[in-house]
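Undergrad: Here's a structure for you.
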Amino acid sequence: MADHEEITSSTTLDSDQVERTGSTPGPTTRTTSLNGAVAGTPDVHSAGLKIKRAGDAYEAYAGLEEKPTKVEVFGWCFYGLCSYFIHTVLIPIVFPLIISQIASKWPDDNVKLPTELKMIDKGVVCSHKEALLYDRLTNRTITVHNTKYTPLEWTSISWGIGLIVAAPTLGLLSIPLDRGPHQAAIALVATVVGAIFCLSAGFFRTVWIFPPYIAAIIAASTIPATYHTRHLGLMVRGFISGAQFSIRRAASGWLSLAATAAGSLGSAIISSFTYHMLKEDEELMSLWIVSIFSGLKWILGSLHFLTSNRSFSAVTPPISTPFHTFSILRYPHALGSLFSIFLSSLSTMSIFIGTVLFLVGEHCFKPTSLLHFWLTYFLFPLISLPLLHPIQHLLKVNAVKMQILGFAMTAAVSGLGFTFRSKTWETHQVLIFAAIQGTSVGVLQAFGRVLLVDCAPRGKEGAFSSWFVWVKLVGSCVGFAIASAAPGNVTVSFGVSFFTAIGAVVVLIFGSVSDFGGAGHAGHVRDEHQSVKNGDRERGSPVNGVDSHSGVEVKQPLQVTP
């Protein structure tokens, strides 16, 4: 056979010709001489690169992605341990206490309090320090243009300012968090900025410094939280590798429950540290130490950014619209999940802050009993949440039904609290309620995140996650504001929590919110019948010569030409 003999290696279709003529042309022949000369393919020297690109494209198309390592999963859960407390303890508990000590009319504990502050309506006598602590939190000692605010209300205002700042920031960063090469660096910088404000919280002893301080911490915390939530979707895709949706449901549920349980442990650590520091004589300096420790712990969670920098898929849809952040409006299941997330954070924060103020102000709970309440509230999910996962898997309960379970527990606790608000609460009764409500908060947090991630299509996880974080914090801020506006009237907190939980159940049931339907609309369900049902158009294979139905490579037989 002569050296100039040529071999036809494969056949491809000219897509440009199809678009121009509307018909399918004949096969295009690529020829390669036996002596290594190339006819029509001058870049054959990069054949290895082409093969790799084609392999990456087909793996992404088929749902085959790199499986997360144990270090990556640990780092993701570890960030929950090091950051969850920011919105559950640091902002709603530690900062109001710091502000109250700066704005207090009684800078010295030796000053005698009015007698009526020591006596509670139910005949319980509070100690001097307990009465002083409650009065500092609820007394209007901050004056702005003839309007007086309590430290709790001042915290609510600062929280709201932070959310206003965070909204455009997340909008601008949604595209870099989805497609940019520096997501980990952006999240790390935001964490460092927020931690710096934690480290300097007690440096300036004036209440005017706290609105920008708290606003900066809130705004900075939303960016790494968005990165953290987005990464859940990436890890789930790596774990399931195109498997059935039931496998995806189990993987995402377990990961989210594990991170939520770890976050509850982190909140318990900070709350117990806060209690210990409140016993010190110099309370302001002691609480500043709590804030410093919180900032250091937050930075320590940056290990997650170093272990989670996953590469982009070769076929991730490009972002070509300036309204990338608002693409969530085209996904009704995602909008329904956002509404339930808002209601869940509102109801849980309202009942938590309202109960704490009720126990301290109305029942004069002893400091040790209050510590036991906090520890039960935050530590019991470490036991209850892992136990819920095998039950969920056995009963095949989806994320929506798990959220309904969480709302039912919140409605039960708030309803009982409202009914027996005029009774004397025993410590063991309070601890039982704390265990139930702590589990409810964990369930709502974990499966609200799962539902939103299931509804997020490939390439838009960052935009959807930014909505999840921001809406969740808006709900928490509203719940905190409602509870702090009426600290002496627990009826408001319990009533709002009860009706909000009931309303959320109605939305989830009659709003037809579904994790399977949301995942199908987002392209995560590869079942052919489901795709047809949702009106999704079948995608062709990204690799030339691969049939989109069977996944079998189609080749022409080798032809030897003289």
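Along the chain as shown, the residues are counted starting at 1.
Cβ atoms here come from the backbone N, Cα and C positions, even for glycine.
Automatic, uncurated: that is what TrEMBL annotation is.
Okay, so TrEMBL annotates it like this:
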COMPBIAS  20-33  compositional bias 'Low complexity'
COMPBIAS  524-540  compositional bias 'Basic and acidic residues'
REGION    1-40  region 'Disordered'
REGION    523-562  region 'Disordered'
TRANSMEM  76-99  transmembrane segment
TRANSMEM  157-177  transmembrane segment
TRANSMEM  184-204  transmembrane segment
TRANSMEM  210-229  transmembrane segment
TRANSMEM  250-273  transmembrane segment
TRANSMEM  285-306  transmembrane segment
TRANSMEM  338-359  transmembrane segment
TRANSMEM  371-388  transmembrane segment
TRANSMEM  400-418  transmembrane segment
TRANSMEM  430-452  transmembrane segment
TRANSMEM  464-486  transmembrane segment
TRANSMEM  492-511  transmembrane segment
Undergrad: State, in range form, which of 250-273, 371-388, 400-418, 464-486 has the highest count of Cβ pairs under 8 Å to the transmembrane segment (210-229).
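TA: Of the candidates 250-273, 371-388, 400-418, 464-486, 464-486 scores highest.
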Undergrad: Name the range, of those listed as 250-273, 285-306, 338-359, 464-486, 492-511, that has the largest tally of Cβ pairs under 8 Å with the transmembrane segment (184-204).
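TA: Highest pair count goes to 285-306.
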Undergrad: Going along the chain, which residues at least six beyond the ends of the transmembrane segment (464-486) come within the CB cut-off of under 8 Å?
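TA: Sequence-remote neighbours of the transmembrane segment (464-486) are 87, 92, 96, 150, 152-153, 155-156, 159-160, 163, 166-167, 170-171, 173-174, 177, 218, 222, 225-227, 229-230, 233, 325, 328, 334, 338, 341-354, 357, 448-449, 452-453, 455-456, 492-493, 496-497.
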Undergrad: Who are the long-range neighbours of the transmembrane segment (338-359) in its own chain, taking Cβ under 8 Å and residues 6 or more past its ends?
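TA: That would be 92-93, 134, 137-138, 328, 365, 369-370, 373, 377, 403, 406-407, 410, 413-414, 417, 421, 425, 430, 433, 437, 440-441, 444-445, 448, 451-452, 467-468, 471-476, 478-480, 482-484, 487-488, 490, 492-494, 496-498, 500-501, 503-504, 507-508, 511, 513.
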Undergrad: Any chance you could find the range in 250-273, 285-306, 492-511 with the most Cβ pairs under 8 Å to the transmembrane segment (430-452)?
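TA: By the under-8 Å Cβ criterion, the transmembrane segment (430-452) pairs most with 250-273.
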